Amino acid sequence: MPNRRFADGEMVMGRWPGSVLYYEVQVTSYNDVSHLYTVKYKDGTELELKESDIRSQSSFKHRKSQSSSSSPSRRSTSRSRSRSPGRPAKGRRRSSSQSRERKDDKKKTIQETNIALLVLVLFKPSENNTRRYNGEPESTERNDTSRITLEQKLKPDLETERVLEQYSLRPRKEEKKKEEIYSEKKIFETIKTIEKASSKTKELEFGGRIGTFMLIFFLPATVFYLLLMCKQDDPSLMNVPLPLPALESLWEARVFGVFLLWFFLQALFYLLPIGKVVEGLPLSNGRKLHYRINGFYAFVLTAAAIGTLLYFEFELHYLYDHFMQFAVSAAAFSMGLSIYLYIRSLKAPEEELAPGGNSGYFVYDFFTGHELNPRIGSFDLKYFCELRPGLIGWVVINLAMLLAEMKIHNQSMPSLSMILVNSFQLLYVVDALWNEEAILTTMDITHDGFGFMLAFGDLVWVPFVYSLQAFYLVGHPTAISWPVAAAITILNCIGYYIFRSANSQKNSFRRNPADPKLAYLKFIPTATGKGLLVTGWWGFVRHPNYLGDIIMALAWSLPCGFNHILPYFYVIYFICLLIHREARDEHHCKQKYGLAWERYCQRVPYRIFPYIY
């Protein structure tokens, strides 16, 4: 067992991980198994360092004094002082000696230039030599050489420059200066190479290249399977909907045109100069992007447009009649958008690539997203798709299902189950748009690139899978009593309260930790300068927002009854999704916060479900 070099409590210099900078730290403990020192920085951050990353303070002081004593200025000063004693005519002799030195330097320069020119005459394959080898008389070369002027000698061409470097005819100071510049360039190039290599995504998610390749086909197949099942009289999961519809019946140009009109209408609302402009979180290069917060205004304008269509008796249940074709159109559009995003990302600078989508593997980067914030001018494609076309489209689809239920079953008003599903999900969407600024702190914006995963999720999965309960109720009406409806409403309110209050605490603390309104919150400081909340909802479980999400998802499915498990697919999917996100968040936070995250996990042991998980 190797002996430890530094004792507990000793003040040493510790290298900050991933850099060449050393800071003053205190040794707190030593692990005999891993041979790692636990050190504490002045800001309270604790990290584990190898012995090779720790230096004694005396070694730093010794180097500093050694470099200062051997500086050129001091050496020149000592030489000048040794010459000064015993010189009576001080000024005159110094000036004469300086003039002699200048003359000597000029002689040396002329000699070096003459030698260089001589080497050029002997070895340079000039035009004169070429003419001689081709049969021209030798006297022509001599005449050309005699024409070399003094100006040409004092200003040698590039070839002379090369010969001077080859034969070391430059003064040593100039050579030393060039070596220093070269070494600095070499260091910067090495740092740039290391940063480029370190920015590569090393740990692949979703099963790596094979897993992401399969998901590109599995996700659309899952959406179409669920929609076909809802059309069945018996929507059991094992009851395969046969025969499958013909491929030509799944595509309709008019439906695709309506989808494009919807997408570009939302883009137009996004570009309207209404709503405040805020800054996002700092990027890896320190830059902050600007975002216009007008999602709620876009929702109001959309509601006005839909109301106008209904006033002129436009049949909105057209969505229900062509629901599968709309899903196919959205999937085709998301695939085309993903291809465009990947092609444009190939020209993006290294600092604009996504940390999780820069693996160098085409399929993986195409799926997860190669570029972090793709923009066309000020139009942020990822931010726009995150909340606008899919999320607002989800509400429109639910409304279309409600009208379709009334028409198909000849009802004067929708069923209580349909009203609950529409109301709960409308509250969720309005809340997201009202608190639009909060999305700027999520991993979708700060970490994930914009590729097939988010494009398909935003434009296909959200509007067509999240509306599954409303679509199911059209073909399979379920009657519930008022007491049951009241109990389901209370459950949804509990989930919403947990979800909203937890997210509000987190977002407010991230924006301004020094806010007096948040003085009651306690936190653990980290090396990144951020704090980990250990009170409030975040001291209850590590991901209280996920807990609220799951409770709300259950409340959305309960109005569909218990005849089939299909309406509860969303709950099952949501639990699996959030557990995957939670595991990803755990891994990401452990890498980012180090020992501070381990202390947080000891303080808050439960992840999503208190006393269970």
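Just so it is clear, glycine is given a Cβ too, placed from its N, Cα and C backbone atoms.
Note that TrEMBL annotation is computational and uncurated.
Annotated features, as they stand in TrEMBL:
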COMPBIAS  66-75  compositional bias 'Low complexity'
COMPBIAS  76-95  compositional bias 'Basic residues'
COMPBIAS  99-108  compositional bias 'Basic and acidic residues'
DOMAIN    4-62  domain 'Tudor'
REGION    52-108  region 'Disordered'
TRANSMEM  206-228  transmembrane segment
TRANSMEM  253-272  transmembrane segment
TRANSMEM  293-312  transmembrane segment
TRANSMEM  324-343  transmembrane segment
TRANSMEM  454-474  transmembrane segment
TRANSMEM  480-499  transmembrane segment
TRANSMEM  520-541  transmembrane segment
TRANSMEM  561-580  transmembrane segment
Residue numbers, six or more beyond the limits of the transmembrane segment (561-580), whose CB comes under 8 Å of its CB atoms: 226, 229-230, 235-237, 417, 465-466, 468-469, 472, 476, 478, 480, 543, 546, 549-550, 553-554, 608
Beyond the flanks of the transmembrane segment (253-272) by 6 or more, those residues with Cβ under 8 Å of it: 292, 294, 297-298, 301-302, 305, 322, 325-326, 329-330, 332-333, 379, 384, 388-389, 392-393
Other parts of the chain folded back onto the transmembrane segment (454-474), taken as Cβ under 8 Å at six or more residues beyond its ends: 219-220, 223, 226-227, 230, 235, 320, 323, 326-327, 330-331, 333-335, 337-338, 341, 369, 382, 385-386, 389-391, 393-394, 397-398, 401-402, 404-405, 408, 415, 417-418, 421-422, 425, 444, 448, 556-557, 559-560, 564, 566-567, 569-570, 573
Within-chain partners of the transmembrane segment (293-312) [C-beta distance under 8 Å, separation at least 6 from its ends]: 265-266, 269-270, 272, 274-278, 387-388, 392, 395-396, 399, 429-430, 432-434, 436-437
Chain residues in Cβ proximity to the transmembrane segment (520-541) (below 8 Å; excluding those fewer than six residues from its ends, i.e. six or more beyond): 41, 43-45, 47, 498, 501-502, 505-506, 509-510, 513, 547, 592-594, 596-597, 599-600, 603-604, 606-610
Averaged pLDDT, computed only over the residues in the domain 'Tudor' (4-62): 82
DSSP-derived helix, strand and coil totals, residue by residue, for the domain 'Tudor' (4-62): 9 helix, 26 strand, 24 coil
